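**Q** Sharing a structure, written as structure tokens. Questions coming.
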């Protein structure tokens, strides 16, 4: 087989605005790139997804399936055209890749290259190792290549046996964009299967261990994903089965240790109702469920605590840390992956409702707040920052000098401090803490988080790349409870319409769902559903909130539109009918509205 020079490209880390919020996109959604749109990235069903196209030209699409499945199609048969689509698990660079005792991946795919301009393509496991706080360890982009067309590496390597198959392993140096932001020279690690295939099991952790045996530096694991990539080519990859897991099938899962992503987070909603506990040597659980990150943590000074996950981002935390230097936290929200500066996000909103109280104290305190970090990846002169937007507190008022500002119609005192301690980078260092403290306490409401970032920037405070936005319950030498019954984090303001991806309207599926319709009903506002929210299942639901978009209810711990959804006039003007069931199954959404299927033809969902 001929040897062709192969160009490995990393997707430049720019998050498409419409793809964040509420945990990302949903099954059945088709994301497209081309004509100036180069990337979509987010989380759906508990699995990360990304589609990326170089700005050299071409086009492509990625349709999300249930779980981690997806279908990718690309046409990048142009000079230096490069496309990729991948799904998997984000591990958040919490610990070294070889510290995970087991990571497995099962997949089935149909993959073929349909065109080429002296190019190539491949189907592979893909990810990164970050060198957070690890001296002498390189930044690494890794590939476990299972199938390919028109490419065989000519690099010197070594043959190893993993999962009963022969793989050639080698490494290269590459200069280009990275997940840290900017461009730099980094390592690429490869395992290339000598017998191609498009389905099977991969013990990913065995590849990491084999690379380590060769003396290759192993950093903190950022992600494990199945990737379809094309260079100056066109093709299709239909991944009909994909599972990534950290507990070997047939074995009993061990308790989660510090920094471990629980295997239960891999399946989207499988951890709903699960109670995580800390104490007696167990000090942390961390992962993703229902598209939202979660963490419970307890200092090793003593005490205990628990966190019970609800649907969406909701949770209940209870803690007993009324001991000397006892410290507890529990939080849920969205991970933004330090992809770009916090102030580069036009809008980030957070809605919440909680019952919060401190039940005991050993000269301690507690607080309910929005919490996160700014990382200083590739940003000279910008500090590492831990930030707090404090909404309610007990037995704590900072005496720091600050400035009063008005955000969301309320007064906040803003100030910063220096602090030395453990960080998300690993190890201990001195970093900045930014604070916004609400002067009128509350336990529910709306927070325009992005306005706090912008206000801090106005003061000349350094703003780094946004790592996360989470609602946090924290106790210091205290005991208490926080029951968060409503929590939503989103990047499209309510009342605006997020971008949609075009898709062909072709289907042979039919479905019927019946639901009685009250004689007297209100119409659910199209301005609400245009933001991705559903209409409440009860057309006569209780109205919690009213604004220019319509009337808002709450269902399954998330916002919904009160009333029956309207059938779009843009659909009926094309000659299609409104579906006879006003609560029909939505097969497709575009600028015209929501489309259902009835009698083997398209119809408009609503009434």
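Even glycines carry a Cβ here, placed using N, Cα and C.
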**Q** Between 449-470, 471-492, 493-514, which stretch does Swiss-Prot give the note region 'Disordered'?
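**A** That would be 493-514, the stretch labelled region 'Disordered' in Swiss-Prot.
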**Q** Swiss-Prot tags one of 248-284, 285-321, 322-358, 359-395 as region 'Disordered' - which one?
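**A** In Swiss-Prot, the region 'Disordered' feature sits at 248-284.
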**Q** Can you tell me the mean pLDDT for the domain 'CBM10 2' (566-606)?
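**A** Over the domain 'CBM10 2' (566-606), the predicted model scores a mean pLDDT of 73.
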**Q** Identify which of the active-site residues 141, 386 has its Cβ surrounded by the largest number of other Cβ atoms within 10 Å, counting every protein chain shown.
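**A** Comparing the active-site residues 141, 386, the most crowded Cβ belongs to 141.
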**Q** Can you tell me the CA-to-CA distance separating residue 386 (active site, nucleophile) and residue 141 (active site, nucleophile), as a whole number of Å?
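**A** With the alpha carbons as reference points, the distance is 28 Å.
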